[in-house]
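Visitor: I'd like to ask some things about the structure below.
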């Protein structure tokens, strides 16, 4: 029988080998093992640690796999502010910046004027905190002073070392020594495209940065691990020698196991900076990840401290952002889409063109007036522009390339979906289809909005299924969803008994959503998520909201006369009483959880923290109950906290609350206040 010491030695060897191959694959892009052989190593380590839990270490590669469900991300304070950089689109302003640095440093008698030019990665900024070489916390930038603790998700990113590389020098730590590393979390272009391919059209991410941001805030770390994120480091503090040059720090980061992107240059003058910018203006297209500019910063870290920072940005660095990417392509056709509120939107169908890291085949033309202003015709060569995260748009027509015989697209006078004559309300730019109850496109849009993630979050209900349900007359409004039968669903295309049951289960689960979510899901014009929350606070039920006068609605925070009129008009529509009755019969939340002030104001002005496990509420729903009664929910305990609700196995938050002498109540007492 193999002894525990031999197994411990094998586990240590496996951990070392796996981390080395991880680094070769994710950081150096020089893999030595096939995926199969790598998986064999990892599987063996997983087996050892499962059979002998005492062999598990905090920095084991098995801790990256994920599996933790996190219902909230507590707010944490950064060791030092994560400031944003001043930015410019002008090379001339970069020259002025360098000149200003030279003058300031000369006035201070500082020696050395070298700068470092490095690529500006278009990702999500995070901070990693290491204590005694071990990763103990990872946080988002947040507002620059406080961010969300997303350690559990960042641990799944293979290019983030769980333990700093072993070597003598600035990283060598005494007991309790903390080192902070900052950088960007990215999603490679090919991983972004693969992720979007798995998502329905209406739920696709606009760009890799949005996909990365959304991924990092997922509650299930297993899904984060599946999305192949990547980390690039650009800053480190907490070294023994804080006076190192920036280029030396980048090399230290590489030695410690981080990727720095390897795309930086020590520059001795503005000419070298401009050469770097010009090279990467074109060269960045070939990179596997998105970049949107170049950061120029002083190389001497002592000069960083000498020049300091404004309240928003450091004085020793600037970000040069490349001008918007442009491309020319053929405009194949112009189609007219109908939105859930009946808005008619012209959309340009384009010959697919690659621009700023993505392929563009469609672009909105916004409205008929914009179409006329551009003068676009099917068959034109057009200029497409994309700047940063902005959705690509048509900005001009190449009139000199217009073929003879083209003609303008005839503007519709009737709805493209149902044929109803279009109307243009006085004072508005857009045209609308007024056939709200009979237009299939509007019905589909309203049902999809009702089912969306931020509304009722109905699982297993996608666009293609909604299209079938509406086309067959099975669903005429969101209320009809709750009266669908398994046998009729199972007979639909690409369904079956299992899919039908899954949808019905999703509908059943959606009945647990809050009144505020339901109000948002109803799709009342101008009523967004925040407005729906304010309405749910002010009005205890759908009936109270219906009876509220124009003047009463106008007095609700964030609701002016335009929104008040929109709410009143919505209740006057002939189909609304029937919809409300269906939702009532289906058992949906047509009232706040407790009668409100219109609910009681026991939490009015209170800052509330939940800690420990609640038995009758989840954190999200409990928080909504507090907000509906005028309170504010936060995740950290401070002197400003007004109330702490302590559930089972409450930990450090409860202890801190006691030390601060804060008011602490049980879940039973919380329920009594509702």
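From the backbone N, Cα and C atoms, a Cβ is placed for every residue, glycine too.
Feature annotation from Swiss-Prot assigns active site, N6-AMP-lysine intermediate to 120. For 35, 36, 37, 38, 39, 84, 85, 118, 141, 184, 297, 321, the entry in Swiss-Prot reads NAD(+) binding site. Annotation source Swiss-Prot lists Zn(2+) binding site at 415, 418, 433, 439, citing sequence analysis. If you look up Swiss-Prot, you'll see 598-674 marked as domain 'BRCT', on the strength of sequence analysis.
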Visitor: Using a 10 Å radius around its CB, how many other CB atoms surround residue 85 (NAD(+) binding site)?
Guide: 18
Visitor: 415, 418: which of these binding-site residues has the sparsest Cβ neighbourhood within 10 Å?
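Guide: Across 415, 418, these binding-site residues, the one with fewest Cβ atoms within 10 Å is 418.
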Visitor: Work out how many Å separate residue 297 (NAD(+) binding site) and residue 120 (active site, N6-AMP-lysine intermediate) at their Cα atoms, rounded off.
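Guide: So the alpha carbons of residue 297 (NAD(+) binding site) and residue 120 (active site, N6-AMP-lysine intermediate) sit roughly 12 Å from each other.
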Visitor: On a count of neighbouring CB atoms within 10 A, which of the binding-site residues 433, 439 is highest?
Guide: 433
Visitor: Within 8 Å of the centroid of the Cβ atoms of 415, 418, 433, 439, which other residues of that chain place their own Cβ, given that this set defines the recorded Zn(2+) site?
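Guide: Here the nearby residues are 338, 342, 414, 416, 417, 419, 420, 434, 435, 438, 440, 441, 442.
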Visitor: To the nearest whole angstrom, what is the C-alpha distance linking residue 439 (Zn(2+) binding site) and residue 141 (NAD(+) binding site)?
Guide: 45
Visitor: How long is the line from the C-alpha of residue 433 (Zn(2+) binding site) to the C-alpha of residue 141 (NAD(+) binding site), rounded to the nearest angstrom?
Guide: 44
Visitor: Looking only at DSSP and grouping its letters into three states, which state does residue 297 (NAD(+) binding site) belong to?
Guide: strand
Visitor: Take the Cβ of residue 297 (NAD(+) binding site) and count every other Cβ within 10 Å, whichever protein chain it belongs to.
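Guide: Residue 297 (NAD(+) binding site): 22 neighbouring Cβ atoms within 10 Å.
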Visitor: Would you mind reading off the Cα separation of residue 141 (NAD(+) binding site) from residue 415 (Zn(2+) binding site), to the nearest angstrom?
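Guide: Here the two Cα atoms lie 46 Å apart.
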Visitor: Tally the residues of the domain 'BRCT' (598-674) by DSSP class, grouping H, G and I as helix, E and B as strand, and everything else as coil.
Guide: 26 helix, 16 strand, 35 coil
Visitor: Could you round the CA separation between the residue listed as 'active site, N6-AMP-lysine intermediate' and residue 85 (NAD(+) binding site) to a whole angstrom and send it over?
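Guide: Spelling it out, the Cα of the residue listed as 'active site, N6-AMP-lysine intermediate' and the Cα of residue 85 (NAD(+) binding site) are 11 Å apart.
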